[in-house]
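Here the structure is laid out as structure tokens; the discussion comes afterwards.
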Amino acid sequence: MIKWLARPADYGSVWDAMKAFTAARGPGTADEIWLCEHAPVYTLGQAGRPEHLLNPGLIPVVHCDRGGQVTYHGPGQVLAYTLFDLRRAGLYVREYVDMLEQATLATLRELGLEQACRKPGAPGIYVPQPGGELAKIAALGVKVRNGYAYHGLALNIDMDLSPFLGINPCGYEGLRTVDLAACGVRTSVERAGELLAAQLARAHGQAVQQRAAALAGVPG
């Protein structure tokens, strides 16, 4: 199931809802993708270090249970929260993160951004800039509990990027961030979100089918 949450969505409320959904689900629970835009907020993951919060100003800071360091969420950015059963899909966490990144790259190609890429050792999606610098356009952060994943990824569409200057994004000093608009791609949060959710659902669905076929002894 793919659903949009009310916008702007309060981060703490959505986080609580993800935890409740994950705690209540069982082997037969259908997977879901939640799409939203958040009100401005900095989130600090489990590995987050306070020194990467340079100047948060009046923007609230939430310490959460996803992996990773600090990032910013705000209007003009789409969040895709992937509440997936990784055991049903036969995915390890690294394979799951790879799937999220591949689905994001496929979405960006659909939108006309062919040059987006990954960066070894640094999860997320990047766009090469003049001079060879890589600017981050999508951030990932996941949590897996008892084989069930939640949290997900954030894709910058057309937003005020200045709050990223108040942090070391994802724990990298001087890391530049970029959005689709700055890359010359004009689209809406709604369209980008729908395309992203479709790619995520397709990739995860294929993994589930392949796992089921393997368990049934059907040649893939």
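Here, residue 1 is simply the first one shown, and the rest follow in order.
Using the three backbone atoms N, Cα and C, a Cβ is placed for every residue, glycine included.
Bear in mind that the values here come from a model prediction, so they are computed numbers and not experimental data.
Record features, source Swiss-Prot:
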ACT_SITE  C170  active site, acyl-thioester intermediate
BINDING   R66, G67, G68, Q69, V70, T71, Y72, H73, A139, L140, G141, G152, L153, A154  substrate binding site
DOMAIN    27-208  domain 'BPL/LPL catalytic'
SITE      K136  site 'Lowers pKa of active site Cys'
>> If I take the alpha carbons of Y72 (substrate binding site) and C170 (active site, acyl-thioester intermediate), what is the distance between them in whole Å?
In response: 9
>> Check the DSSP secondary structure of G68 (substrate binding site), expressed as helix, strand or coil.
In response: coil
> Roughly how many angstrom lie between the C-alpha atoms of R66 (substrate binding site) and C170 (active site, acyl-thioester intermediate)?
Replying inline: 12
> Roughly how many angstrom lie between the C-alpha atoms of V70 (substrate binding site) and K136 (site 'Lowers pKa of active site Cys')?
Replying inline: 13
> Going by DSSP, is the residue listed as 'active site, acyl-thioester intermediate' part of a helix, a strand, or coil?
Replying inline: helix
